[in-house]
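Everything below concerns the one structure shown next.
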Amino acid sequence: MSSQSDPLPDSFRLSMLIYDTRYRSMTIQIVALIGALLGALFLIDNTISNLNALGKEIDFGFLSEPAGYDINQRLVDYMSRDTHLRASFIGLLNTLLIAVLGCAMATVLGVVIGVLRLSSNWLVARIMTVYVEMFRNVPVLLWIVLAMAVLIESLPSPRDFRGENPEASMMLFDSVAITNRGFYIPEALFSRSFGNIHFFGDSSLRFDLSLDLLALLAVLFGSIYAVRRLGKWAHAKQEATGLRPTTWHYTLAILVVPMLILLTVLGFHLGYPELKGFNFSGGTYMRNSLIALWLALSMYTAAFIAEIVRGGILAISKGQTEAASALGLRPSRTMRLVILPQAMRVIIPPLISQYLNLTKNSSLAIAVGYMDITGTLGGITMNQTGRELESVLMLMLVYLVISLSISLVMNWYNERVKLVER
Amino acid sequence: MSDTNAQSVRYVRDTILPQQPPPASAVGFIGWARANLFSSWFNSVLTVISLAFIFYVLSGVIPWVFQSVWNANSLSECREVMVATWGDTHGHACWGVIKERWLQLLFGFYPPELYWRPIVALGLLLVALAPVLYAEKVPSKLLIVTALYPFVMPWLLWGGTIWAPLMVMAGFGLGYMAYTILSTKIGSLGAIIAGVLVPIVWWLFLSGAVASALASVLPLALQSVESRQFGGFMLSTLIGVVAIGCSLPIGIFLALGRRSDLLILRALCVGFIEFIRGVPLITLLFVASTLLNIFMPPGTNFDIILRVIIMVTLFAAAYMAEVIRGGLAALPKGQYEGADSLGLNYWQSQRLIIMPQALKISIPGIVSTFIGVFKDTTLVSIIGLLDPLGLSNAIRADAAWNGIYWELFAYIAVLFFIVCFGMSRYSMSLEKRLRTDHR
């Protein structure tokens with residue numbers, strides 16, 4: 001490499017900044033930096049002078065003013081006299097809610113469709129191809145407004161449930177009501193509840209965390225950990241003696257018994273929705289905008305995930321399957337022990353970037369009136385206060401933080417599977 | 001020796017039997033169905049369920065599409081016809097709305113007597129694309145159309161004096177002239193700087209005066225159309241085509257910047273790409289609709305469609321950069337070293353060795369980015385532009401068509417499907433054509 005550098009010149013000339021390979025990269029970089037700084041300065045200077053001309057200043061004080069609008073789908077308490085910051089916080093929680101729900105359903109749907117596209121059944125494979133092409137080639141916004149229209153137009157309204165001979169009836173033993181205003185599903189109630197922990201006092205970011213939920217999660221993760229330990233023990237036993245002890249009934253017991261005990265201690269029961277007057281009350285209410293967004297986003301993203309899953313499975317060479325069957329593994333075990341672990345390495349990175357896309361696409365909630373962060377901070381708050389610059393900056397910052405955290409997870413995973421590679 | 005067998009065995013076949021046809025259950029439709037539809041009991045169950053599903057869907061869709069009302073001026077009129085003909089209003093489409101509004105869904109509020117201009121622009125687009133898409137079948141002289149198209153298309157769509165696009169073209173011509181004349185005299189660097197500066201000076205200070213002078217001598221102009229009259233599928237196509245066309249070169253430079261050894265340049269490119277990819281397009285469109293005028297010098301007020309196109313282009317370029325970076329990373333290192341050992345400089349090796357291969361590898365990704373951009377143009381309806389989705393809301397606001405959903409959505413979805421599906425099929429055929437390895 002050292003032979004590439006030019007012989008030392010006698011003296012420094014200005015043209016060497018361009019023509020001498022030792023200085024050229026420096027020159028280009030400094031010019032680029034100066035150009036970028038000048039560009040940024042230009043934009044900032046323009047912004048300041050424009051804002052001065054409009055008589056505005058960059059001021060985030062509007063966040064502590066009362067919002068004055070209502071948010072009807074929310075995870076934590078909110079009233080219209082709460083601040084704009086509180087409204088944005090509710091919106092952020094709603095964004096995260098739709099992202100989590102959507103990713104979960106899109107994964108399930110996508111994996112099923114991707115596997116079925118590889119089915120040896122010609123008809124099933126064709127139907128799934130039609131599904132994928134249909135969803136991939138039509139804009140997601142169209143699917144969202146279409147889903148909303150389906151829900152509003154084709155489902156019964158709550159008043160159809162009234163009277164002696166109602167036009168519509170509740171489903172699943174009178175526990176679920178599907179109406180054009182949204183879905184009413186049973187809610188989990190605890191008669192001997194542990195109560196809540198309250199965070200952040202009286203501030204705009206306050207929220208309650210249910211101790212019951214924490215306890216349930218703790219027991220669940222504890223059980224899963226115990227099951228994994230049991231699996232390891234069985235594995236060690238198999239290595240030592242050649243026989244694998246039967247563990248499935250222990251596994252079942254570990255998973256079910258502690259959870260049942262906890263639920264009994266908490267006094268778990270379901271609260272069913274009931275028709276009162278012109279609407280339902282009780283139960284958990286999922287607004288139709290949430291349902292429409294959830295359905296449309298997850299079905300749209302599922303088409304992409306299906307392609308990723310299909311590609312991942314096809315990427316594993318046929319020799320692997322043949323080697324596994326030569327070893328005498330059954331097809332189901334070949335899939336579980338040979339194909340899937342290798343396919344996962346191909347599937348997971350693009351899968352996570354699909355999760356990212358779904359989260360970003362959830363900003364289209366504004367088209368159906370679901371109050372996510374775009375609908376609150378970038379919608380009503382921005383229009384009411386006229387603080388476009390501050391609102392859009394905050395909105396971008398929130399999405400950037402979400403995206404970068406998902407990217408971090410992806411990088412961490414990539415590093416982890418890289419170690420497994422030779 | 002040969003006699004021994006003949007005496008001990010009673011019968012020896014001395015001719016080969018004619019080949020029998022395979023059994024009827026193994027060939028033809030039956031054999032195919034047995035292999036592909038009923039190979040096991042599970043597959044048979046799946047087939048039956050699938051057939052039931054297909055029947056269910058088609059029994060709903062086919063009557064809806066074909067037992068429909070074409071001649072009606074409002075939804076209520078549609079329903080009257082339905083009740084008179086079939087007895088109910090369910091399960092029948094009212095295509096009257098499409099018959100009445102299909103031109104509006106295609107062109108927005110563009111003046112009807114000027115519809116020929118977007119149509120000519122679309123036709124010229126196809127002519128301009130032909131030498132790029134089908135390079136070996138179409139004479140390369142058509143590339144002149146491709147080069148002229150960026151100047152002709154805005155003039156056709158927005159109208160106005162013909163001298164404005166000509167002056168912009170003249171700027172490029174002047175820059176090229178300055179470069180060729182000066183490169184022999186003062187060296188290539190000075191010539192490049194002059195080649196950039198001359199057109200800028202021309203556009204900023206001289207072209208306006210020259211254009212108005214020429215216009216007063218020879219007033220050649222098309223009737224001008226304002227941006228707010230643009231709409232429908234034409235608007236989607238306009239935004240999509242410009243964003244697709246501009247994002248590819250910008251994306252290539254961003255990808256090269258991200259992979260370069262120059263630290264500051266790389267940091268700038270990474271920052272830009274990750275920022276754009278980290279935020280949803282809708283926030284960038286908010287920037288276009290509310291903030292872009294604040295970022296520009298006081299007094300500038302440029303067109304909303306142009307602002308949207310700028311933001312969509314930047315958005316697409318960041319995604320394109322990542323796709324092309326993937327292609328660059330997939331190239332074996334030997335290609336870079338081979339280019340170096342031939343003594344090619346950076347730009348030569350990129351142009352002649354690296355990019356042709358990297359772009360070929362990334363064709364599927366590039367085309368799916370194109371499709372994504374085209375689909376994302378529907379988002380402009382959220383900031384109030386009248387793309388097909390925005391227009392469908394406007395149509396529904398009309399008292400005559402209040403409450404009509406399916407027909408409009410079906411029409412829009414079919415339009416988008418045709419374009420996007422066509423693009424993905426073209427990319428598959430291109431991949432096949434460019435495949436040089438022998439599989």
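Numbering starts at 1 and runs along the chain as displayed.
Heads up, the Cβ atoms here are built off N, Cα and C, so glycines get one too.
What TrEMBL says about a protein is an automatic prediction, not a curated fact.
Copied from TrEMBL, the annotated features are:
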type	residues	note
TRANSMEM	A:23-44	transmembrane segment
TRANSMEM	A:89-116	transmembrane segment
DOMAIN	A:92-410	domain 'ABC transmembrane type-1'
TRANSMEM	A:137-155	transmembrane segment
TRANSMEM	A:209-227	transmembrane segment
TRANSMEM	A:248-271	transmembrane segment
TRANSMEM	A:291-316	transmembrane segment
TRANSMEM	A:362-380	transmembrane segment
TRANSMEM	A:392-413	transmembrane segment
For the transmembrane segment (A:89-116), which recorded stretch in the set A:23-44, A:209-227, A:362-380, A:392-413 gives the largest number of Cβ pairs separated by under 8 Å?
A:362-380
For the transmembrane segment (A:362-380) and the transmembrane segment (A:137-155), does the number of C-beta pairs under 8 Å, pairs 6 or more apart in sequence, reach 3 or more?
yes
Most Cβ pairs under 8 Å to the transmembrane segment (A:209-227), of A:23-44, A:137-155, A:248-271, A:291-316, A:392-413, goes to A:248-271
Counting only residues 6 or more past its boundaries, what in the same chain has a CB within less than 8 Å of a CB in the transmembrane segment (A:23-44)?
16-17
At least three Cβ pairs under 8 Å linking the transmembrane segment (A:291-316) and the transmembrane segment (A:392-413), pairs spaced 6 or more in sequence?
no
